[in-house]
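Peer 1: I'd like to ask you about the structure that follows.
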Amino acid sequence: MTDQAASAATRTPYEPHFTTIAEGSLGLDDHEAIAAMLSRAFPDYAHWYQGPRSWAGMQPELRVVARSGEIVVAHAGVRRQFVTVGETDLLVGCVGMVAVSPILQGTGLGGQLLRLVDAALDHLAVPFGALEAAERVQPFYLKHGWELLEGVTGHYNDFTADGASTLVSSDSGWLIRPGNVVRPDWPAGDLHWNGQLV
Ligand SMILES: CC(C)(COP(=O)(O)OP(=O)(O)OC[C@H]1O[C@@H](n2cnc3c(N)ncnc32)[C@H](O)[C@@H]1OP(=O)(O)O)[C@@H](O)C(=O)NCCC(=O)NCCS
């Protein structure tokens with residue numbers, strides 16, 4: 001029996017089970033199941049996550065997904081992107097759509113999710129993970145090894161499902177997760193995504 005089969009045999013049917021999966025390996029059913037959870041976890045953005053559209057801005061390249069049976073109960077997306085910080089071009093793993101199903105929030109799934117996001121960032125060999133988070137949720141990331149970039153303004157193209165993507169700027173809420181590969185110091189200056197975020 002493989003390790004995966006042995007672990008599946010000892011799990012209770014509805015115990016959340018995490019996998020990390022490449023975007024190209026997802027089927028239509030997977031996209032629909034992810035979108036259904038994201039629309040519940042982000043009710044203000046539910047209009048993005050319709051049917052099989054399981055992303056709002058940049059489509060990720062890797063997903064960390066937890067399922068209970070067939071139901072998706074936790075999710076994060078990661079995509080490698082070059083950003084410009086000040087005068088420096090820098091590879092980052094953009095992390096987004098981090099969410100736990102509302103009925104399971106506060107049970108520790110979010111922490112497990114971020115540990116697997118760390119592993120995904122290591123797998124992608126990026127020097128930094130990067131994301132934007134609202135003030136209310138920043139303590140969650142800080143507790144799990146993310147660092148707040150003080151005094152940094154980030155510029156990115158707004159999410160759009162149906163029209164022109166305008167440039168928006170945000171002068172707070174940018175967090176980074178130093179990776180385990182050899183990396184430079186985070187450069188000084190504004191953060192230019194030159195496109196959308198995951
Ligand atoms: C943010 C979110 C992913 C956290 O997942 P979770 O399963 O609820 O988190 P956990 O149960 O693993 O909590 C881990 C720790 O972070 C803390 N935490 C979780 N959410 C927090 C929040 N919004 N603010 C402050 N601390 C928070 C918990 O208190 C817990 O700390 P403890 O172990 O000392 O009790 C989840 O609440 C969620 O999906 N929220 C809605 C979507 C969202 O805002 N996503 C973030 C987008 S940037």
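Any Cβ shown, glycine's included, is placed from N, Cα and C.
Keep in mind that TrEMBL annotations are predicted by a computer and have not been checked by a curator.
Straight from TrEMBL, here's the annotation block:
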| type | residues | note |
| --- | --- | --- |
| DOMAIN | 16-162 | domain 'N-acetyltransferase' |
Peer 1: Can you count helix, strand and coil residues in the domain 'N-acetyltransferase' (16-162) using DSSP?
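Peer 2: Helix (H, G, I), strand (E, B), coil: 47 helix, 52 strand, 48 coil.
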Peer 1: Could you pull the average pLDDT for the domain 'N-acetyltransferase' (16-162)?
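Peer 2: Mean pLDDT across the domain 'N-acetyltransferase' (16-162) comes out at 96.
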